[in-house]
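Here the structure is laid out as structure tokens; the discussion comes afterwards.
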Amino acid sequence: MSLQDRLTELRDQGLADIKSADVLKKVNQVKVDLLGKKGPITEVLHGMRDLTPEERPKVGAYANEVRDKLQAAIDHRRDELEQAAVNKQLVAETLDVTLPGRQVPQGQPHVITQIITELEDLFIGMGYQIVDGDEVEEDYYNFERLNLPKDHPARDMQDTFYITKDVLLRTQTSADQPRSLENHDFSKGPLKVLSPGRVYRRDTDDATHSHQFHQIEGLVVDKHITMADLKGTLTLVANELFGDQFEVRLRPSYFPFTEPSVEADVTCFNCNGKGCAICKQTGWIEVLGAGMVHPHVLEMSGIDPEVYGGFAFGLGPDRFAMLKYGVDDIRNFYLNDVRFLSQFYKKG
Amino acid sequence: MRISYAWLRDYLKLDLPADELAEKIERTAVEVDGVIRPSEGLKKVVVGHVLECVPHPNSDHLHICQVDVGEADPIQIVCGAPNVAAGQMVIVALPNSWIGGHTKIKRSKMRGEVSNGMLCALDELGFDEKLVPKEVADGIFILPADATPGEPVFSYLGMDDEIIDMSVTPNRGDMLSMNGTAHELAAIYDQTPTMPKVDLTEDAADLADDDLNITVQADEQAVPQYKMRLIKHVTIKPSPLWLQIRIWNAGMRPINNVVDATNYILMQYGQPLHAFDFDQLDAGQVNVRFAKAGEQLTTLDGEERDLLATDLVICSNDKPICLAGTMGGLATEVTDQTTSIALESAIFDAVKIRKTAHNHNLHSEASMRYERGIDHGATEKALDAAAAMIAKLGNGTVTSGVVVGRDEDVKPVEVAITLTRINHVLGTDLSLDTVSDLFKRLDFPTTVTDDTFNVTVPSRRWDIHIPADLIEEVARLYGYDNLPSTLPTGQPTIGKLNETQQAIRDARKLMESAGLTQAISYSLTTDSKARAFALHASDVTTLDFPMSSERTTLRLSLIAGLLDDLAYNNARKEQDVALYEQGRVFFSQPEQVRPKEVEHLAGAITGSMVKTAWDTAATPVDFYQIKGIVAGYLKSLALVDPISYVATTAHAEMHPGRTADIYVGDQLVGFVGQIHPTTAKAYKIRETYAFELDLAALIALPKARQQYQPISKFPSITRDVAMLIDDTVTNADIVALIHDKGGAHLQDVHLFDLYNGKHVPEGKKSLAYTLTYQDQAATLVDEDVTKAFDKVLSALTEDLGAEIR
């Protein structure tokens with residue numbers, strides 16, 4: 001048998017052995033057996049001494065070709081087996097990815113805070129400052145400076161918790177208005193403030209009344225602030241809270257500290273204005289009160305109403321939350337049932 | 001104020017649907033609560049003529065009636081009303097009709113006799129019992145004899161009317177009358193209203209002055225006007241049906257012709273009137289003054305009232321007979337026997353009436369109007385109209401002249417405003433003509449000079465006296481819908497949270513990411529809860545006149561409210577609760593009328609923060625969990641001064657062995673610990689851990705300036721030490737000592753084990769720390785670290801009695 005034939009035989013046998021090796025160890029054994037220093041290929045190469053000089057390079061080249069082929073087959077087979085082993089392990093490691101992840105305790109902001117924060121951010125974006133007034137206020141600021149002297153019939157609309165004859169729990173965040181007005185330096189630009197906070201009324205708690213609730217008061221005073229500016233601002237608020245697909249209407253109202261005074265209604269989001277239980281069949285939902293700052297209020301704060309004017313608006317986050325989420329009992333906001341609190345997941 | 005659409009049509013040509021009218025009123029004038037249609041929901045209720053009425057053979061009170069209901073044959077109806085009789089025109093609810101209260105009437109048998117429907121009383125048609133005239137309250141209602149059998153009954157009772165229920169704001173007292181509302185609608189729809197005419201005939205031979213004598217002792221501010229007329233020879237009887245209809249559709253009960261006439265004129269003019277039985281006056285003498293302490297008066301409702309010195313009273317010969325502007329007295333009430341009427345039309349001070357109504361809890365149609373103001377120009381007109389009406393309805397005669405106790409000169413108010421100002425405030429570009437037209441529609445006489453409107457405001461609009469009021473008139477009549485929608489322009493301002501506001505938001509976020517949910521509890525609580533958990537001793541702020549004993553006092557801590565929240569949840573089987581609150585507490589300040597409001601942050605946890613799951617066992621919350629939350633928050637503040645936790649027994653409501661006061665430097669900023677088991681029991685909560693922080697103080701404390709620390713390029717070396725030490729030695733003692741003796745390169749001391757179980761002698765504990773050494777400038781040499789470490793070991797042994805293991 002010629003050396004070539006012997007090499008061919010070794011190649012074919014070797015390839016068959018490699019193919020049939022089913023574990024890495026066997027592949028390695030084939031490699032040692034075939035390509036090792038004492039293996040048959042080496043042996044063939046030793047036999048080349050007996051060949052003619054013409055034949056030697058041919059056989060040598062062929063021997064290298066066979067060896068390379070076998071080496072490649074071994075590498076390939078080894079990869080195959082390694083891959084199979086990895087695949088087997090991966091299969092064994094398969095998890096039920098639908099099992100719940102490990103809990104990381106996570107709290108969330110109160111729904112009222114969510115609404116206040118949303119509006120704060122909206123108004124900060126329009127250059128407003130946020131003002132935190134005191135919750136215990138003087139009658140003078142809460143009422144008198146807002147054009148509500150003692151015995152004014154409009155005081156009936158706000159039954160009040162008094163601490164002394166002259167000190168009370170503020171009934172409205174509007175109580176911040178006079179303080180903001182008197183503290184502001186108009187030489188530094190217009191006054192633009194938003195005052196969110198807790199307010200108190202002497203009410204018996206039930207589904208629609210709470211002795212404690214929240215208000216957000218907005219106030220802008222400058223040399224040229226118009227009712228059209230108020231309308232635009234209120235529309236923005238309504239759109240932010242309820243979406244911009246709804247219409248906003250203003251209608252006359254009365255607040256002693258604004259003139260003209262308006263209330264803003266937004267199309268009922270529940271029935272789209274057709275009339276339903278939420279809007280009491282009117283198609284409209286009352287969302288806030290507003291108006292142009294009354295000249296007396298400006299005068300009492302030492303501001304010339306001939307030069308300066310502005311608007312103010314007030315709204316109730318509790319009421320908004322009730323409308324927006326269909327909360328049917330205002331007490332839910334202050335009982336802090338975790339099953340209630342955890343339902344409102346939004347930005348804080 | 002209920003406005004009858006039918007009545008409105010006496011004034012104006014209006015044919016639009018009531019809902020549209022209501023919407024227009026709402027958009028232009030005052031809020032509308034709704035449109036009431038009295039016949040809504042009623043069906044097949046018709047006029048019937050009782051042809052025959054015989055007693056029911058099997059009953060002592062029922063009658064069997066044959067009733068013509070406009071069909072070929074009369075129908076038989078069994079009726080139990082005591083007043084039913086043959087010949088009457090009655091209200092018949094036919095078989096399968098719907099009457100008030102969503103009730104369906106069916107054909108039935110009553111004690112063996114067929115009844116094809118029902119004869120109805122007014123309340124059965126849905127009339128409020130308070131509106132049904134007393135004389136017809138106990139039986140069926142008898143319709144006028146000219147009613148046509150078979151016709152729907154509604155037009156005979158005014159039930160086909162539509163009533164607009166307006167919620168009049170305090171400034172628009174003028175709209176608490178038909179006249180005022182008609183003026184308003186005339187302006188809205190640009191019409192000229194037909195106002196009621198007074199057709200008064202006086203008996204020239206009989207002078208009122210001869211019989212009636214008035215003295216007003218109260219000052220002119222309290223009683224600016226007081227006038228009376230005297231009507232004689234009056235027959236008291238029920239009012240005609242048309243008047244009763246107007247009265248009940250206005251939401252009042254028909255009483256008799258005199259009272260109804262005063263109420264009718266009240267509704268028409270908005271002027272409260274009072275009719276006295278003249279013969280009950282003492283010699284025709286009337287005087288008006290403030291009441292004296294100790295005086296009493298029995299009012300129309302039968303209540304004997306102790307009068308107050310702030311009450312204005314009408315007296316006869318100085319004996320109180322009427323609470324002015326609020327309610328009449330029983331003694332001078334108009335009764336069936338009355339023949340002469342002393343009719344009062346007056347103006348009383350709003351504040352005085354408001355006080356009287358409030359103090360006596362007497363809120364009437366009259367007091368409500370006085371509180372909101374009255375047209376000073378219409379007092380006498382209303383008086384004349386009422387006198388004429390009483391004379392006509394009661395066949396009486398009006399004596400000659402008005403007896404004037406007090407009068408005033410009523411002048412219209414002049415207000416000037418420029419067009420520029422109007423457009424400046426509204427953001428509009430209205431023309432001179434447009435605005436002139438609006439004033440014309442309001443029927444405000446106006447002259448225009450250049451840019452200026454000089455507007456004469458009639459006395460019927462007493463709410464208008466400054467230019468801003470006129471701007472409102474222009475705006476609402478022009479229509480808010482027509483205003484442009486813009487945003488404020490002018491010098492730009494920077495909007496941003498201040499440091500405190502930002503810090504409060506950061507605190508909230510951190511609490512939430514630590515697993516606590518925000519609660520908002522009540523600031524008002526009981527006296528004892530308000531005082532509980534106070535960080536500093538302070539008196540409390542208490543309401544003068546609380547609504548309930550549960551809400552009397554402003555809180556000194558947030559924890560107490562959170563514990564209430566926990567209790568609420570625990571009672572509802574929610575055992576795992578982790579809440580925080582950020583809000584104000586109220587420390588009273590000596591010599592200050594108002595308390596100091598301080599922003600606090602508090603948290604309370606109970607149960608487990610992580611529930612048992614397929615891969616996790618629930619770990620009950622403990623001291624170290626809440627301390628970890630507090631420490632994490634305090635770390636985020638980057639305070640300059642060191643934070644220390646000092647064991648304390650000072651808080652009565654906290655566990656004495658598991659509570660720490662928290663100091664930053666020397667300043668007490670809060671505490672953390674377990675709620676005392678006794679307190680927990682009182683609140684009905686389970687084992688609970690809580691903290692309270694003075695957030696305002698923390699925000700004010702100096703913060704470390706953020707500065708980059710280069711990361712050492714050289715490796716660190718660690719050494720572990722385990723020791724047995726007395727229980728009384730604290731971790732803080734050990735860590736402080738290690739730091740003290742640790743040498744220049746000690747970077748960190750980390751407690752990695754604490755054991756005091758088996759194999760640890762009584763009174764001892766086993767602790768293990770990792771000490772990390774590192775040099776910023778060079779590689780540490782092992783021997784140097786060993787040397788430093790040995791120093792620590794010997795210090796622990798010598799100073800703290802540790803047994804190194």
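Placed from the backbone N, Cα and C atoms, the Cβ positions cover glycine too.
TrEMBL does not curate its annotations; it predicts them automatically.
Remark: B:Glu472 (Mg(2+) binding site) has no non-local neighbours by Cβ distance under 8 Å and separation of at least 6 in sequence. The feature Mg(2+) binding site is assigned by TrEMBL to B:Asp463, B:Asp469, B:Glu472, B:Glu473.
Annotation comment: TrEMBL describes B:39-154 as domain 'TRNA-binding'.
Summarising the annotation, TrEMBL assigns domain 'B5' to B:410-485.
According to DSSP, the secondary structure content of the domain 'FDX-ACB' (B:712-805) in residues is 30 helix, 32 strand, 32 coil. TrEMBL lists B:712-805 with the feature domain 'FDX-ACB'.
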Model confidence over the domain 'TRNA-binding' (B:39-154) (mean pLDDT, whole number): 93
Same-chain residues at least 6 apart in sequence whose Cβ lies under 8 Å from B:Asp469 (Mg(2+) binding site): B:Val415, B:Asp463
Filtered binding-site residues - B:Asp463, B:Asp469, B:Glu472 - keeping only those with Cβ under 8 Å from chain A: B:Asp469, B:Glu472
Number of other Cβ atoms within 10 Å of the Cβ of B:Asp463 (Mg(2+) binding site) across all protein chains: 20
B:Glu473 (Mg(2+) binding site): tally of other CB atoms within 10 A of its CB: 23
Secondary structure content, the domain 'TRNA-binding' (B:39-154) (per DSSP, counts of residues): 11 helix, 49 strand, 56 coil
B:Asp463 (Mg(2+) binding site): secondary structure state under DSSP, collapsed to three categories: coil
